[in-house]
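According to Swiss-Prot:
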type	residues	note
BINDING	Cys8, Ser9, Gly10, Gly11, Leu12, Asp13, Ser14, Thr15, Val16, Ala17, Ala18	ATP binding site
BINDING	Cys190, Cys198, Cys201, Cys204	Zn(2+) binding site
Amino acid sequence: MGRAVCLCSGGLDSTVAATIARRSGMDVYLIHVSYGQQAERREIEAIERIADAIGASDLMCSRIDLFRNISALTTQGARIPRGEEVSLDSESTPPTWVYCRNTVLLSMAAAYAEYLGAHSIYVGFNAEEAMSYPDNRPEFVEQFNALLEKAVASFSRPPKVVAPLVDMRKKDIVRLGADIKAPLELTWSCYLNGEIHCGTCESCQHRRRGFVEAGIPDPTEYQH
């Protein structure tokens, strides 16, 4: 089936996407990028366990400083909206938005894919987060794939971004992950760097609601 690069944060969505690629018979090459996110340590711990669990062929952990201190998400000690400050179904862009993050990270994944001769780049973009994050939307994927047609060497077959969850809400992703035996219990969703999920940041609230609405027991330990 060939090779697939999977851009994976160690979170729920990207782990399910990577598991889909692996279950389809592809050799999976995970790439994680540290860009200054407060939860960097916990993400790396999660992605290392996930790589082993799904049988990834390799895990590349990369680092860039471009995004440091330009978002609440990437400023150490910055206040991240929590609890009732979070509106899960809002269409407004939250302070955790990181400017052009997915454009940059996908470019890195595309370079890795071209080097490997991988024809697919799997991502965990989904309908729930697309409401407030424009670089999670189907039209973004479509336009980025059009860019890749022009961006690779003439002798290369352009890799294509594959977003298998792009029309799904979190509850659907949880159900699918359970069905394909993705290691959901190993994933890290929290924006913070604690020993357990805080339970109150936007990402924790999406995660918790997804398990509740899916009717599947949540393996996550939350602080609140």
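Each Cβ is built from the backbone N, Cα and C atoms, and glycine gets one as well.
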For the ATP site built from Cys8, Ser9, Gly10, Gly11, Leu12, Asp13, Ser14, Thr15, Val16, Ala17, Ala18, further residues of that chain with CB within 8 A of the site's CB center:
Ile50, Gly124, Thr187
Quick check: in three-state DSSP terms, what is Ala18 (ATP binding site)?
helix
Looking at the binding-site residues Cys8, Ala18, Cys190, Cys198, the one with the fewest other Cβ atoms inside 10 Å is Cys198
How big is the gap, in Å, between the Cα of Cys201 (Zn(2+) binding site) and that of Ser14 (ATP binding site), rounded to a whole number?
19
Sort the binding-site residues Cys8, Leu12, Val16, Ala18 by C-alpha distance from Cys198 (Zn(2+) binding site) and give me just the closest.
Leu12
Candidate with the highest Cβ count within 10 Å, taken from the binding-site residues Val16, Cys204:
Val16
Listed in sequence order, residues with CB under 8 A of Ser14 (ATP binding site) and six or more positions away
Cys6, Leu7, Cys8, Tyr122, Val123, Gly124
Rounded Cα distance, in Å, between Val16 (ATP binding site) and Cys204 (Zn(2+) binding site) is 17
Which whole-number value in Å describes the distance between the Cα atoms of Ala18 (ATP binding site) and Cys190 (Zn(2+) binding site)?
19
